[in-house]
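Pulled from TrEMBL:
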- 1, 19, 40, 68, 83: S-adenosyl-L-methionine binding site (BINDING)
- 2-168: domain 'Ribosomal RNA adenine methylase transferase N-terminal' (DOMAIN)
């Protein structure tokens, strides 16, 4: 079974094809789908695809968007088929994972190592931030390997085709905060969580976030809100850059960070982090061995304590 068969295209489907090339796959998709929307950056390839369908029954069923797939807004589609340049694999993948409304499936050819990371499991060398974030948001199946010698000229590596289905409904987690935690602990995935989360740089980040959330909590309560762990349950989320705003305010109000103004110190945040790890018996655990459920539980425990990663 080839890519078109694995995509299970229906007669009623709108198919988005990324990188149609000269249109070989495009024509096969047009034979099965209601409509095909092709995104192509190269003007020469756009002309080639248009020639393939000019004067045929498929001409009115094909729409071509010329542009960079990472920059153009993606239209509605049911199924996606793509053979993309390896250097845009990660940003394209996460653009698709965030796409709404949800599509039924995507069948994509990636560099083999990248594809294997998408389905990696804990306690393997491939288990990484890419694996965790992808599997949180989607179900990924490995379909088949494509040998490099199938291409002219042949690339330096083999490829692999995968099928991606978004989890519907999506997990009830703030992805920005989730990724903030994953980024920190997978930066040194073989170190213990305690070692990773109590570095000076990490404590500085977490302290800034704690103080941002406390400021939001106080503002929401008219200036007299809680400044301890109770703020963690607030639904308010700081905007991007909020931590920077707090740092700037610190410089303007030098000397106002004394005990009693509700602002946390790095020492206090370190105690908060260590208390969570001790309570959950995770001081000696390593990110490399933790699965999605473990990581979700860890984030929830930190948030309940008032520790935030974004």
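Just so it is clear, glycine is given a Cβ too, placed from its N, Cα and C backbone atoms.
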When each of the binding-site residues 40, 68 is scored by other CB atoms within 10 A, the minimum falls on 68
Name the residue among the binding-site residues 1, 19, 83 whose Cβ has the smallest number of other Cβ atoms within 10 Å. 1
What's the longest C-alpha separation between any two of 1, 19, 40, 68, 83, the listed S-adenosyl-L-methionine-binding residues, in angstrom? 30
Three-class DSSP secondary structure - residue 40 (S-adenosyl-L-methionine binding site): strand
